Amino acid sequence: MTRGSVLLEKLGDRLSGLRGRLTPDAGMDKITWFRAGGEADLLFQPQDEEDLAAFLKAVPEEIPVTIVGIGSNLLVRDDGMRGFVVRLSAKGFGEAEVISPTRIRAGAAIPDKRLAAFALEAGIGGFHFFHGIPGGLGGALRMNAGANGVETSERVVEVRALDRRGELHVFSNAEMGYSYRASAASQGLIFTSAVLEGYAEDREAIRAAMDAVQHHRETVQPIREKTGGSTFKNPEGTSAWKEIDRAGCRGLMIGGAQMSPMHCNFMINTGTATGYDLEYLGETVRARVLENSGIKLEWEIKRIGAFKPDHSVDPFLGQLL
């Protein structure tokens, strides 16, 4: 029996009341935007917040539970994920509604581009930058994603989240503890929805701002490639892409993974990359930048999962274990 089948059989009675979808041995390469990585023992897609809470209460705390959102800013290693992976469904967590003239309540699984389009139709300004963020709202809330000089934290009023025990928490903007590409409140929580606030603005002005965002992306980013977005955070006082370029890493390839010639802070899967190729490439870039400029780049992409045994002894990746 596979690991997923064994776990499902072990917990069968505990999970019998769930309404969401359980998939054993789910290929993470079908979920992540990199289209690489191993299998999750069990993938759970809850129907709604109540179903997710019931799941979290049913699964013993010693069994790992990992949230992956819509898989955009994520690199999964080749031996996959132990325990459960939770992916919020668009049906239960992907809707948005206007709750006041300038406020929107949106589910964590709504794609950022769809949120921007929804705000446009509602005539609510300040959401145009979401049109330039690859991923979903849950990830944007977790990492304070931003584009075109605007960050998610500037729009957040409150965030709903469940902890590992299935208990509900509601955080104000201040309680989220936002900083550059991070939120202090994100550890161990699954964000389910948020209330966001913009301002009244003419739809044509909003549309023009969104068009400008789209034009910028198409001009400088490899948006039609298999990519997870920005690979590294910008160091203080400089840009990650500049340091990568100065270190001679534009277009650098390892296996099927490449630092995009178009934007060298975007790592792409050219078609055959494994999770190992992608992470090894990223670590090679970090080493070369450190040697060239003394700057230690920090990963912006989240890396999860287990290495295959023949990969874990690699001298570059050994420091990551």
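Including glycine, each Cβ sits where the backbone N, Cα and C put it.
Per Swiss-Prot, the features are:
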- R181: active site (ACT_SITE)
- S230: active site, proton donor (ACT_SITE)
- E300: active site (ACT_SITE)
- 36-201: domain 'FAD-binding PCMH-type' (DOMAIN)
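Between the CA atoms of R181 (active site) and S230 (active site, proton donor) there is a gap of 11 Å, rounded to the nearest whole number.
S230 (active site, proton donor) and E300 (active site) are 7 Å apart (CA-CA, integer value). In the shown protein chains, 18 other C-beta atoms lie within 10 A of the C-beta of R181 (active site). Other Cβ atoms within 10 Å of the Cβ of S230 (active site, proton donor) number 23 in total over all chains.
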